[in-house]
């Protein structure tokens with residue numbers, strides 16, 4: 001994929017440079033001026049995006065690319081589902097509100113208006129510019145906008161963010177592991193000798209011949225383990241108010 005991306009980048013730059021020379025020396029005139037600008041602009045964009053691949057040698061700086069690769073399949077599937085709902089709102093608003101609202105007069109303008117609403121732009125103006133010639137259309141427009149804004153801002157965008165954040169957490173845990181400690185882990189780490197005794201094993205071998213002694217040692221080990229664990233819990237509870245004040 002990276003190799004194909006680099007080939008497309010080089011093709012855009014080469015064609016753009018050729019068109020630029022043809023315009024400079026008036027071989028083809030200025031008819032390709034806009035095309036030349038688009039090719040060179042896209043080529044420069046792809047060059048800077050291609051620089052990201054050099055960050056792949058550093059795991060801490062490669063998280064963005066890895067997160068995008070990890071989240072892309074789920075994002076595309078979710079985009080298809082959200083796109084179907086978006087198309088339904090698009091055609092519904094264009095057909096019903098087109099004659100009464102300047103932002104819904106054609107399909108492209110309707111799509112631009114809905115996309116702006118998703119990003120929280122110009123909401124009040126969209127509510128107030130509906131023509132009041134037909135009361136039913138006015139009320140429909142308000143209900144329509146309330147439902148669309150609530151659905152896409154509070155649900156769709158939140159799910160988009162959660163999908164990407166889930167991929168980011170997976171990548172971060174894989175490439176940037178952080179040792180997490182807890183009371184239980186500290187307890188287990190400090191009580192290896194106690195757990196050995198509680199399992200009925202005598203490290204010294206003194207009581208290995210006596211079944212009754214092994215049972216007593218096992219019972220004592222369990223009691224010591226429970227007492228030690230309760231002590232650690234009490235210490236943790238006493239330290240919590242102090243930490244919160246700090």
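Even glycines carry a Cβ here, placed using N, Cα and C.
A TrEMBL annotation is a machine prediction, not a hand-curated record.
According to TrEMBL, the transmembrane segment annotation covers 7-23, 35-55, 75-97, 143-165. The feature domain 'Polycystin cation channel PKD1/PKD2' is assigned by TrEMBL to 34-169.
Counting residues 6+ beyond its ends, the transmembrane segment (143-165) has Cβ neighbours under 8 Å at 67, 71, 74-75, 78, 82, 85-86, 89, 92-93, 96-97, 114, 117-118, 120, 123, 126-127 in the same chain.
Remote same-chain partners of the transmembrane segment (7-23), defined as residues 6 or more beyond its termini with a Cβ less than 8 Å from a stretch Cβ, comprise 29-30, 32-33, 35-36, 39-40, 42-43, 46-47, 50. The average pLDDT for the domain 'Polycystin cation channel PKD1/PKD2' (34-169) in the predicted structure is 89. The helix, strand and coil residue counts that DSSP assigns across the domain 'Polycystin cation channel PKD1/PKD2' (34-169) are 115 helix, 0 strand, 21 coil.
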